[in-house]
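Participant: Dropping the structure in here first, questions after.
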Amino acid sequence: MGALLNSTVFAPWDDPQAKPLIQFQNVTKRFGGFTAIDNLSIDIFEREFFALLGPSGCGKTTMMRMLAGFEKPTEGHILLAGQDIDPIPPNKRAVNMMFQSYALFPHLSVWDNIAFGLKRDKMPKRDIEERVDEMLRLTRLEKFASRKPHQISGGQRQRVALARSLAKAPKLLLLDEPLGALDKKLRQDTQFELMDIQEKTGTTFVIVTHDQEEAMTVASRVAVMDHGRIIQADTPARIYETPNSVYVADFIGDVNIIEGRATPKGDDSYSIDWAEGQTPLQATSSAAIEKGQKCHLAIRPEKVTITAERPADAANAVQGKVHDIAYLGNLSTYHVELPNGTIIKAQTANTRRISRRSFSWEDPVWLSWTATAGVLLAN
Amino acid sequence: MNRLSWFNAVSLTLGFAFLYIPMIILIIFSFNESKLVTVWAGFSTKWYGELIHNEAFLDAAWVTVRVAVFSSTLATILGTMAAYVLVRGGRFFGRTLFSGMIYAPLVMPEVITGLSLLLLFIGIGLDRGIFTIVLAHTTFSMCYVSVVVSSRLITFDRSLEEAALDLGCSPAQAFRLVTLPIIAPAVISGWLLAFTLSLDDLVIASFTSGPSATTLPIKIFSAVRLGVSPEINALSTLMIAVVTIGVITASLVTKRAAVRQKQEEQAAARAT
């Protein structure tokens, strides 16, 4: 995971001295009675690849359209490099956008599409030619320069849209579901291409997506949104490993949520009563949780081990029987039903051939995980 | 291809006969040798030759063409502007009323439009002539333009204009460089429609024309009252030709644009 390696070097959000490129200051946006963005504050730093992730209607597109200048905040301010950009119209902002539909001008060739923004800047003709050729090289479109948008493939059009929005060397590039129209294979290739281009150009990217895998792959930080608020904004690794709420844990990846009541045992460790007549579960939490407080234990399926016998040294072990098996080729997810009816998912790599699989339907099994495997979330 | 059943064949023949027999008779008799309109005396193009020397008809034709060009151009500009505001202007006060009102002249009896324009021109002391006919024709044909253009604008991807703004265009530049080239086929067919409407209008023109300016339809109408001549037939045949060409061009332009738009959409769909 590239983002993980980068995060040790590139983490301006942890540096109190770093000056943010974009600041949302208590921004609220209402459309009539509907609140699209609810008192939102966030800093985005230069050279960041910032992903806005959330279900449709969560306000991520509105945030992007406010950055582009197509919408104005109802309350609060948006600052770009320290300057309040609310009164600046879209055509005067050093911000460019790559549209979800690509919005390529159908009457212009690929070359003219890319040159369109440069021509508006009254750039000398030779400079325009140079810049367009550079963009064509960057996006590997040299051969298609004279084609019209309807004469090229979807992937090529997506690259034209990217080249066009990068041509003016904006301080900030907005990408609205840029890969939504591509098939999965092409999408994965393009994600790495995007990261590569972002690194080469040093532009700050803000990407809107509802695809969590995409956000995790490309972004330096991911903001998980819901109902016009940012629930958590952090590196992909921290979003996945230490979600701050059940919503985030559930939204990103697959997760088992076990509800219970916590009892502090000191040193950040807690025991959780989760079902009648069952041994309490052991977990740790850096956030303080009071005795008897209702809480949720979130454990990723790949952190749950499935065995035939009870493991001797496991901090947590529960018994159940295999209810269902989801075979994904490289992985299998076992849905194990506990005596009280709870289903816990455990994921294992398929290191052996499927015919030699250790467990089958209705087999009694033990599930175990360490005290630090799960995340304890207070309500 | 299915063969037509006898019932469909008969309906088709009857329908088209009803529509076109009068015009076909007119065209045939325009090539009549005889001066008597109803008696066939052999093929000839002499009435077309005579037409060229008829000063009165030529004058009227020239007036008609000028009126049609000016009024359709003016109507296209105004109609496109109206369509743009009604489709893109957002929800301003009275928008529904305005979009309803733009269609009203389409169903308004021409006599009433003509009469009200006449009263207006008398009221403000405007001398009737070519100028007043141009104004009158602009008034009724701009709604047709606006209907044609707004139906195109409704299907226009708004993000194209936003992309233009985003890339540094002022709203006016975005319209000129992006919107207008894309909706051009609709604007052109709107112009052709307005042109043909102006060309064959009799009622409104007769209300708003003055002694100095007579359009061809008025001239024909008054000439016919003195008796139909083969010359009139020839002239009418020419007008039918011009209007037909106009209408066919307009529909071809629209059709080509639609086909192209469909191709683009299909190309876009392939990408998904």
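Placement of Cβ uses the backbone N, Cα and C atoms for every residue, glycine included.
In TrEMBL, annotation is done automatically, which means it is predicted and not curated.
Feature table excerpt (TrEMBL):
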type	residues	note
TRANSMEM	B:12-31	transmembrane segment
DOMAIN	B:61-253	domain 'ABC transmembrane type-1'
TRANSMEM	B:67-87	transmembrane segment
TRANSMEM	B:99-124	transmembrane segment
TRANSMEM	B:130-154	transmembrane segment
TRANSMEM	B:174-194	transmembrane segment
TRANSMEM	B:232-253	transmembrane segment
Participant: Which one of these stretches, B:99-124, B:130-154, B:174-194, B:232-253, has the most C-beta pairs shorter than 8 Å to the transmembrane segment (B:12-31)?
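Facilitator: It is B:232-253, which has the most Cβ pairs under 8 Å.
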Participant: So which of B:67-87, B:99-124, B:174-194 has the most C-beta pairs under 8 Å when paired with the transmembrane segment (B:130-154)?
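Facilitator: By the under-8 Å Cβ criterion, the transmembrane segment (B:130-154) pairs most with B:67-87.
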Participant: At a C-beta cut-off of under 8 Å, are there same-chain residues at least 6 beyond the transmembrane segment (B:99-124) that contact it? List them, or none.
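Facilitator: Tertiary neighbours of the transmembrane segment (B:99-124) are 82, 86, 132, 135-136, 139-140, 143-144, 146-147, 201, 203-204, 206-208.
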